Amino acid sequence: MDTNIINHYDIIIIGGGIAGLSATRHLLLKMPELSGRIAVIEPRSERRDNLDEDYKVGESTVEVSAMFFAKELELQDYLIENHPPKFSLQFHWPRELSKTDTIEDYYSTWAVKNPDIQAFQLNRCKIERDLLKMVIAQGAVYYHGRVRNVDNLDNDDMKSIDVEILSEVESGADFKLQQSIERITLTTDYIVDASGRNFTVGSRTDNILKDPKHLFGLDNASTWVRVKNTERSLFDFKSQDVTCSWTYDTNHFFGPGYWIWMIPLERGSRDYSIGVSYHRDKIQPSQLNSLDKFMSFLEKNQKLLYNLIKSGEIVDFHRWPKLAHTSKTFFSKNNWCVIGDAAAIFDPFYSTGMVMIAMEIECLTEMLKFKLSNAANDYHRRVEAFDKLIRCVTQINNHLIKDHSNHLGNASIMSWRIYFESSTYFSILLPAYIGKYHLCPIFSDHFTTDHENGLALRNQLLATLDYANENSINIGFMDNHRGGQLLGDWSPTSSWDYDHALSLAKYGHKRLNLPKCLSWSNFYLSLIICKLYYRVYGIGALWNSSFFKSLSNTTYRFSKFYFLSKLHSFNMIGTPNNDYYDKIQKDFKSYNYNQNNIVDWKY
């Protein structure tokens, strides 16, 4: 076997899945001069024609991740042409656990309108194959091989990577038939670990945290199938009360200690990813470790989904008996980082996986701009700031799953939880992303300083829901899509754009008035707290110390951010909302239309 064929690259990305390929494309789009200077190492072949190699959980994007793919990766038209649209997240609880034959047997929150920002359902096999072709065309160097060793991860010296190059196999042949051809050594100044659960860097640096004590008690697992050509009429719920599809959404079906996703993978053909995320204190992995057991579970607990799968053809079956993990370090001072599943995964609920990837990749690119231009101080400033920021963002996404085991199956408790958690996402995270605040080290410092305070407030709200759940208190059913439940027509998913960022096209860095969004987010969260505590404790809420602590927290934050919003508005005087449209208006002043001066042509 040949060994030691050495090549050097500025950046090596370990892993050619959606995280690694998205990072590669983003880096090459923002810094085209990196063509030929980025390598991708992946054990799957460049051909990618074997489904057994490419099984994935169907990935549902939300507004943040959709904007990342459409704008940052410049894939808007590609997504429209190749992947199903996504209109919303929809949630369904059985009216009676023993009767789940049709959708009318559920209490549901349905999307009521088309989304403000178009999201997509991603067929992971398809998009990874297409992204691979794109990045190779952009100048990335692809190595079909497996990483065997990495040196110098504990210092900032140049890294050395031992790679086992693999053979191609016949089209459609078993992935495991690949043979080792040779061993080569690659060197690089920076490593991006996107190797997923192989944890190429994490396993060599003691960076992975899997114990539930590091995950807010989260101990979950997952089982799923892909199915094609299902019967359309089984989930063809029609209504004259809305203006959008109820099929091209991520539908969530709930039960005690578990929830099930239903994600369309193709347009028109009714192909789905259908899987369960469950908590191991309620269901053991041994109870769902085969297709027969999974189907038996659905037949007794979610008959509608059982019938849907039985009507089609099962493509594959997969399971993860241990789902959640996180990392100690995300961006290291030793010139490596972890992204995607190699960094953290908690639960597919709320479709947060690609949101984390989007922020990780944008921070990575921003950081490496300074490293590659030899601006050492600016680079190290961002390594520290972005590592703290991403750690806080992942902790928030982890905390979103805290106590799910006890809440998921209760339609009253969980609908309330979805209601206020949707408010936080739409009023805080989405505007911050639109305004690109996450790329500012100063914002990162402020965000991370306030992080523990935010988690403490959430803990108080979860404790209130725990009390209602343990005492079987019906606190009503909240629909996160509709207005008219809190104050006027306000709703978490439709009333978030307090600064009119979409209509004014405030997409530039910090053009959007984020303090204004934070201010009004806390105002409505204060109202949510008042209504929630009254539903749980009645008039006794006035004697509840937790109520006053929570309300004083949000009231103070409302006042604080209201003042900062006025300061932001003052500082933006004279700055256009959008440079592109401002330039059009200025250029148009010289426009002069002459209807008699048609340009001649040959005829």
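From the backbone N, Cα and C atoms, a Cβ is placed for every residue, glycine too.
Since we're looking at a predicted model, the values are computed, not measured.
What Swiss-Prot records for this protein:
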BINDING   GLY16, ALA19, GLU59  FAD binding site
BINDING   THR352, GLY353  chloride binding site
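Features recorded in Swiss-Prot, as mapped to the structure shown.
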residue : record                : contacts (Cβ under 8 Å, 6+ apart)
GLY16   : FAD binding site      : VAL40, ILE41, GLU42, ARG44, GLU128, LEU132, TYR142, ALA194
ALA19   : FAD binding site      : ALA194, GLY196, ILE339, GLY340, ASP341, ALA342, ILE357, GLU360, ILE361
GLU59   : FAD binding site      : ILE18, GLN121, LEU122, ARG124, ILE263, SER351, GLY353, MET354
THR352  : chloride binding site : VAL62, PHE346, ASN397, LEU400
Quiz item: Taking the residues GLY16, ALA19, GLU59 listed for FAD, what is the greatest CA to CA distance in Å, to the nearest whole number?
Solution: 16
Practice problem: Going by DSSP, give the three-state secondary structure for GLY16 (FAD binding site). | Solution: coil
Self-check item: Residues close to FAD site centre defined by GLY16, ALA19, GLU59, Cβ within 8 Å
Solution: GLY15, GLY17, ILE18, GLY20, LEU21, SER22, ARG124, GLU128, LEU131, ALA194, GLY196, GLY340, ILE357
Quiz prompt | THR352 (chloride binding site) in three-state DSSP notation | solution = coil
Quiz prompt | Three-state secondary structure, GLU59 (FAD binding site) (per DSSP) | solution = strand
